[in-house]
Amino acid sequence: MLLLAVFCCLLHTLLVPSSAQSDSNQPVIQLRLAGEKKKHYEGRVEVFYNGEWGTVCDDDFSIYAAQVVCRELGFTGAESWLPSAKYGKGEGRIWLDNVHCTGSEKSLAHCESNGFGVSDCKHSEDVSVVCSSKRIPGFKFIRNQGLTVQVEEVRIRATYSHRKRIPITEGFLEVKDGGKWRQICNEDWNQMNSRVICGMQGFPGEKRFNTRPYKLLASRRKKNYWGFSINCTGNEADLSDCKLGREIEKKGNSTCGKGMPVVVSCVPGRVFAPSVSIGFRKAYRVEQPLVRLRGGAMIGEGRVEVLKNGEWGTVCDDNWNIRTATVVCRELGFGSAKEALTGARMGQGIGPVHMNEVECSGFEKSLTECYFNPNSLGCSHEEDAAVKCNVPAMGFHNRLRLSGGRNPYEGRVEVLGERNGSLVWGTVCSDSWGTMEAMVVCRQLGLGFASNAFQETWYWQGDSSADAVVMSGVRCSGTELTLEQCLHHGKHVVCPKGGGRFAAGVSCTMTAPDLVLNAQVVEQTTYLEDRPMYALQCAHEERCLSGSADKADPSSYRRLLRFSSQIHNNGQSDFRPRASPQSWVWHDCHRHYHSMEVFTHYDLMSLNGTKVAEGHKASFCLEDTYCDEGIQKRYECANFGAQGITVGCWDTYRHDIDCQWIDITDVKPGDYILQVKLKKNSGAWDCTLERSTFKQTQFNTEVFSHKESAPE
């Protein structure tokens, strides 16, 4: 009986090979993601087999096959797959066709297919995948010289004396592979490699450093070298786009005998540069840039806009890729691009599309130096390009938190402040607390835009040990990276209301409306009108005339600078008045309700920036006057309907409506700047300024040209 059992066991082993035996019979392949990528974890699937790179046909491909591909590349899984050469056509052989995977295979080579090299496809059918950005912890990569670099993580490890500096810009380079941090031998290291590493860490460039202290430290430390060198050209956005160099021979303590571990030193962008005197640079007013980002919820992301002939315009997404996006990011003081976004993912701009079919080498100082096709027409704002950039790890979120909210996006604001010589959590005084301050809080925590600023938070039960006020007198411009960078009282806290129920609070959102004035409409519709006082009684009642009108004779005339305003919503959510219809204010003279008492503010400035006259416009009717093609109107004021501006639509206040003017009766003839500011729901002014230059004479106004300034 025992003999029979052994015989049966042997027979089973011969008839059914084990999985290990089965795996050993499969061809060994390696994969990479190639093509016109928008981020480093997506691209055309390419297979290295029999000494040659080739592609995979999209016939019968599925999300299960994409999962196998992404896991084989060291990612946790796949988000999607794309047919028809979405990342460009490959070259060479089409190695695999009619691939069928269950999703559990360890390699794409283990999936059923027609066999290697058996295909009736063309490269127009090359398949692509989008993987999860997360890496598999401790993943063991198969490597051969000439393939791309694949590691779990990359970091710059500062020396002990530099670890308290934020951001960390210099130190030993380490890569995480197989769950362990390892150094790289610097024998084959070059400046282009450092440039790529700095870009990944959020820095626009690299710089020289003093090697002596690092040589001394390296001689005293135990080293664990990574097994390969790295070859980057310098225009890569991520280390995974660089090629593996030669294999490093492991000789114990003698490994990298002619060198030492790689050290990288990076140059931070101006906004992130540490300052000895104040820890971080305060918010600053920059010179007029040629490129800017708009519409992004986080710092370092947004729709790309370019200044040309005094007018801001957008960039078309034709040929838009991560290399070109990286040029934009570095130009603006960030690192390389994490993602190149297409299809107006950060909202649609207005005005002209200045650049199309942009191609960059990756080494340009500005996007304006890149080649583009000036003759390419027909690109709409539905194709506006955008970017997400790598930014330095500043640790700002560790000094601020929201407490007591119903979700992570709202709550009482609590800061880590100094009290009696130690750091404690406490609240922020709500005196003067508004949208600008809330914007900074949401940005600092990485929670996007501010949707509300609260001066009472009794309904949010925060940490009772953090009730005491540790910060007061906070005034922000909206450009600061942290609440500490805003003006505040410092150590001398003054808060008559106290903390607790009167502590400051916020609610944040990842999408928001983005109201933009069409400055060209202002220019084209501006004119002067002399109007008698007896015809301006309602406007006078609503304070739409200058102060001298209070004593003016009813038969006298007021000189009005009139113009139309067209407000576009280029954001990612509809704009709605904060107040509910039940709380709107009725104005008997004009016979209508005001959903917002002041919606736009008009300032007339001298050329040196002094305000000489002002006006304002209440929103008695916010509605979708017109919309982009394909967008349905949602808001209409008729019959006391809902008010607002839909994404992709605009509201127009015509020049012949009351209060759509500035009273310039008391202004001397000369050259002035007209500044229009849009007001947010909660009372803070939007940072977007649109200015037009005009010349006033005794009888008429001549509009010269459109002019803009950097955000205030």
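Just so you know, glycine gets a Cβ as well, placed from its N, Cα and C.
Just so you know, TrEMBL annotations are computer predictions that nobody has curated.
If you go by TrEMBL, Cys486 shares a disulfide bond with Cys476, out of Cys476, Cys495. Per TrEMBL, the residue from Cys111, Cys121, Cys131 that shares a disulphide bond with Cys70 is Cys131. Note: TrEMBL links Cys57 through a disulfide bond to Cys121 (candidates: Cys111, Cys121, Cys185). Confidence annotation: the domain 'SRCR' (400-509) carries a mean pLDDT of 89 in the model. Each of 156-267, 291-390, 400-509 was scored by its Cβ pairs under 8 Å to the domain 'SRCR' (31-132), and the highest score goes to 291-390.
Assigned with DSSP, the residues of the domain 'SRCR' (400-509) fall into helix, strand and coil as follows: 19 helix, 40 strand, 51 coil. Within the same chain, the residues at least 6 positions away from Cys242 (disulfide bond) whose Cβ sits under 8 Å from its Cβ are Thr148, Val149, Asn193, Val196, Ile230, Asn231, Cys232, Thr233, Glu236, listed in sequence order. Across the structure, Cys121 (disulfide bond) and Cys476 (disulfide bond) place their CA atoms 59 angstrom apart. Each of the disulfide-bonded residues Cys101, Cys131, Cys360, Cys370, Cys486 was scored by how many other Cβ atoms lie within 10 Å of its Cβ, and the smallest score goes to Cys370. As a summary of secondary structure, the domain 'SRCR' (31-132) carries 16 helix, 35 strand, 51 coil according to DSSP.
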